[in-house]
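*Asks:* Dumping the structure here so I can ask a few things about it.
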Amino acid sequence: MNWIQREIKRYQLPLLALFVFAAIFYLPVLVTGRVFYWGLPVLQFYPWRAAAVDAISQGALPLWNSSSGMGTPLLANYQLAFFYPPTWVIYLFAWVGGVQWMAWAHTLVNLVHFFIAGLGMVKLLEKHCGSQLVQGIGALAFSACGFFIARQGVFPILWTAAWLPWLVNYASDLATPFLQPAINPRAGWVHLKLTLVIALMLLAGHAQLSWYFLWFAGAWIVAGGIAHRQNRIRSIIQYIFSGLLGGALAAIQLIPTAEYLLQSQRASAVDFETAAAYSFWPWRWITLLAPNFFGNPGSGDYWGYASFWEDAVYIGILPLSMAVLALVALPGRKQPVIPGRVAGWVGIFLTAIFAMGKFTPIYPWLYQHIPSIDMFHAPTRMMVLAIFLLVFIGSLYADRGWTCPSGRGLYWTRLATAGCVAVSIGSLAGWVLLEDISPTFFRSTALAGLTATGIGFLTLYQPANDTLARKRWEMAVVGSLVIDLWLAQIGSAPTITMGELTFSFTASGSGGTNGRLYISAQDEQWLRHKRFYRFQDFRFLEPSENVFRVPIANTNLLLGYSSVSNFDPLVSMRYQAWMDHLAGEDDRALEADWARMGVTHQLVRDAGQEDVQIQPVGLVSSFPDVRMTASVLEARSAAEALAKVKEHATDASVVVFEVPEDVHLTSTAAFDQPFAFKILAFDRSWNQFTIDYECEQDGYLVAAESYFPGWTASVDGLAAKIYPADGVFMGIQAPAGQHRVEFRYQPDSFRAGWVMTLLSLGIFAAVFFSNKRKHGDSVSV
């Protein structure tokens, strides 16, 4: 208890700052039972986790999701973050209260990560000689910045980014360019706290940010080694070993995801247009001062480029002004020396150039020549590193250079404060008088002027240190930053009541047995981005129940539909090729493809009409997921298989098996001859399905399930070879007679992952206890 009291007193002001912001932003959402809903929560994260809960409730691991995209890995989906410990509370709430409480628990986990990010900045700034005031400024400016608040529904990004301060904090134990003199070198080869943070960050669910952060922390250590000319190699080796052990701890997630990636449309690279789709719009630099200069979709008046949240970068005028002063102020008798400030601003410049993507000639060159750049899209997300450095450098300057001005400094501070007042007055006048200009200009500029005016007065009236007035002044500083950040973020993260989520757990990722739903790509795109989730206006055009009853991907998981569609940044390359094939089909060929996919219903809308209908497509089969034939065509590649399917586009009885060069399959009858068979039963459960059939002669059986490594098949208990069928499905040779075929998804990647994680946990524990016994220090060895 005494330890807790000491820690609270030690971090009293930053803790107060974080709790106050949490009380005005998160607490009303939690207490009133509201949830984040717009876009990805309802389209991806809630459906995926609802499916995972369904699997767990049936005593299975959520390895495979049969209800999306004709079948796709679920646990290997990196953004599910199934093994990330903070998400386990979500599954607990889901088990107790269904989809509604599961959604509510996401906000609770967001709150936890708000404190993780804030306390990480507190510890980092404390290490770099920051006072409680500076810790409060840095913690608030980072954890409540636009990057975080505008992404409250993009959970993996939020959760991964929260670990950045902790990653840099423990990397600073090895080397940092922002301390003089250098830190004493650490003993041993592994920094266990750094290892643990890396493991948690890798499990949090966002590969792009994790990759960027690992390189950033490495650059931080290298810059520290260069600045102090000591322990360069040792620090780098310690970092590499810590990273390797952290990656091994996360192997239970990383190895299945790596297998999925190798089978995906991103196995080689993302095309440039896709990679650069979300580049930081240069005009959004203005929003560092006026965050809603181009409006806000929460109030329905956003008119900027692309999406609002991807370019949200506001950190507050106070930390931004401190960071700028750190750059322009020349060290001298009245100015502090801030080690590493040049390196920090170089980092800000480089990350900002990268984030602007296609708007500069640099990113296209990097895309062509630097490995891994072509694996990700949305370079604007690199701005989180620029934000981090701005907050960090600004906080250091506030600690050492933000003093009560005198002499010429007093003159310029008064002049700047008066100028801010004039900006506010002029903006308010323009808002009233200039009706032809967007009011977002004037509102945001006036608010920025008022905020800057407040900072000017706080600067002019700084009390002496170690006085009661000083403590009150520090409280005023933190309070003004809380208000600044809160006002800037209003509307950025819309919520609805839990009751408006009318979903239940009647759906299942196991897929069911009643066929699939088909929605054309054009209709789904229109429904998703033109009718329901519009980038310029977060507000619904209609009652929310209308939105949530339409089974677009992946909301279909919450509505009991198995869908051909899959709204996921990562899909198998075979599935992507098949969907590209569908896009070029005419109506007759599309009907045959429906039979191949096991489609029984289609979602249709009349042009110009809001209403949508789900109509049967006329298939009469009781088991639409299964086809049988006496003969097959052979292909040597997926592309050749799709080409042959296209040659017989209107005849679903034609089946193409993809086989090696040395394999030749025999046919017992021609395609145009009758083949007598009967599907007796089809039963599907999590990660497996069984088919009972009978036929008079040898033939071939095709299951309308995506072909993927890890699937095994058996006929009456004897192993059977699975061949890719029609380029995307699974097929086997089916002997004559009455038989039971069993398909099971048992990926070796998952086995390898949990074995490596268990071994790594053993190594981690051995190092921890060995180091504790020898040195009484569990941090490194």
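If you go along the chain as it appears here, the first residue is 1 and each next one adds 1.
The backbone N, Cα and C atoms fix where each Cβ goes, glycine too.
Curation plays no part in TrEMBL annotations; they are all automatic predictions.
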*Asks:* So which range, 264-285, 440-461, 704-725, gets flagged transmembrane segment in TrEMBL?
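*Replies:* Result: 440-461 is the stretch TrEMBL calls transmembrane segment.
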*Asks:* For the transmembrane segment (101-121) against the transmembrane segment (239-256), do we get 3 or more Cβ-Cβ pairs below 8 Å once near-sequence pairs (under 6 apart) are dropped?
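*Replies:* Stretch pair does not touch.
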*Asks:* Quick one: do the transmembrane segment (76-95) and the transmembrane segment (239-256) have at least 3 Cβ pairs under 8 Å, skipping pairs fewer than 6 apart in sequence?
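*Replies:* In this chain the transmembrane segment (76-95) contacts the transmembrane segment (239-256) - 3 or more Cβ pairs sit under 8 Å.
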*Asks:* When you check the transmembrane segment (239-256) against the transmembrane segment (752-770), do you get at least 3 Cβ pairs under 8 Å, counting only pairs 6 or more apart in sequence?
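*Replies:* These two segments touch.
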*Asks:* Can you work out which residues elsewhere in the same chain, 6+ from the ends of the transmembrane segment (752-770), have a Cβ less than 8 Å from its Cβ atoms?
*Replies:* 190, 192, 195-196, 245, 248-256, 778, 781
*Asks:* What stretch, picked from 133-150, 342-366, 440-461, has the most CB pairs under 8 A with the transmembrane segment (410-434)?
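*Replies:* Per the Cβ under 8 Å count, 440-461.
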*Asks:* For the transmembrane segment (133-150), could you work out the same-chain residues 6 or more beyond its ends whose Cβ comes under 8 Å from its Cβ atoms?
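*Replies:* Residues 11, 13-14, 16-18, 21, 25, 114-115, 117-119, 121-122, 124-126, 158, 161-162, 165, 287, 291, 308-309, 312-316, 318-319, 322, 383-384, 387-388, 391-392, 394-396, 398-399, 474, 477-478, 481-482, 485-486, 488-489, 492-493.
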*Asks:* If we skip the immediate neighbours and take only residues 6+ beyond the ends of the transmembrane segment (440-461), which ones have a Cβ under 8 Å from one of its Cβ atoms?
*Replies:* 289-296, 301, 303, 317-318, 321, 402, 404-405, 410, 413-414, 416-417, 420-425, 427-428, 430-431, 434, 473, 476-477, 480, 484, 487-488
